[in-house]
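Structure, as structure tokens:
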């Protein structure tokens, strides 16, 4: 779970802020968080390894998604447990995007899916290791640097992949009336999934820059502090 | 303190610690409000409503009523300033956010062009519950507008300007969403028909009267122009007896009104609106309840924030 439909790792961005405000958890909570983050890191590594092996076996990108579909879905669902970590923000529309899109079978062989899955995988491995090491108070500078530098490429990559995937899913959604409800019905409610997807795509326009520049500012704060020490009062 | 102590006051920027203002001799019985006016003269772009003056750069804002000599300051009183940003009056925000739903709902009710298919333009629904719903919805927002103008006494004069965009999006957006379905040509009336509608109407009216009674009771707690806070108690009006069990019965009644409207229209978007409103009001009620408990030692222990015994 990382990329949000809005932009790349909004969850990551939000959790920085909430993580900072949060005071140290107790021993039991820490143990739980460490185990959770280790498991998530391992899971994403499994997915990454799976991707590489499948590519080497097939020799092409086509159908690569199917090779990691099960573990990916498992970890996406497990990441709902993110909510229990309490240090993360509630916004995880990336889970929504993923679920919505993954049901659209025709989309699954699209290169765009691979694009954002790759971006997420790398992001998540770094992010979960970052949290794990932070909790154990032994954070290697390399991980911190990677977390706040790789996003320059991974965010746009993930967002592009997501947008292309949603765009590819549009005709199918419209044709089949997927997830849509029409009037009349006794709840006096309607929902057009096709229009909803278009709104989601449009929402990336304001949201992605906000999150991207938030990460840029976070980067300055987190990695740039060595410059501050040279400023003398 | 020397007899004719008139301390100098300096005001620093809370973030940069720059000296923004130096007031030479200030009367010890001057209030923060008066100091804000003096600061405003030096910096005309920062009117008093957008000034946050505190003793500590990261501390809480001082109140306008606080008096200089009762504050823990040294021989020179040092205050820190933070700009709260453009402010807008509460009254303006309320009037704007409540007028929207009133007008918007009516546009859907009268089936103004470009909302529904052209053959329905300016037609009216054949279901009498739709007319009833329009009357209730309009009554509700008219009541709110009149209360804003004549009943409520606000503790704070202003709020940040960006709130008006946030609030109006919420109220206007939901009003449009609900009104679209209720006034739709394909609207389906409540399953249990007249019985359901009658019950819903009774609930709605009961809670509207209740809500109004609470607003009046709260107004009477506070003399005009004052910002005093007192514990509200039940009055002769039976609708206020709920104060025995709840700190913020105005929210309780508001929830009841919208439950009534949901039942009356049997419309899922109305249910969503009720739910979201309930969540927000619960947050507010809990906050209010906590401040009551903090401020008053003898606060009645039987009371819950919003739902008797439950929440």
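Note that Cβ sites are derived from N, Cα and C of the backbone, with glycine treated the same way.
Range annotated as transmembrane segment by TrEMBL, chosen from B:65-87, B:88-110, B:111-133: B:88-110.
TrEMBL lists transmembrane segment at one of the ranges B:139-158, B:199-218, namely B:199-218.
Counting Cβ pairs under 8 Å to the transmembrane segment (B:169-187), the top-ranked stretch among B:88-110, B:239-261, B:267-285 is B:88-110. Note on the domain 'TECR-like N-terminal' (B:9-83): DSSP counts are 17 helix, 23 strand, 35 coil.
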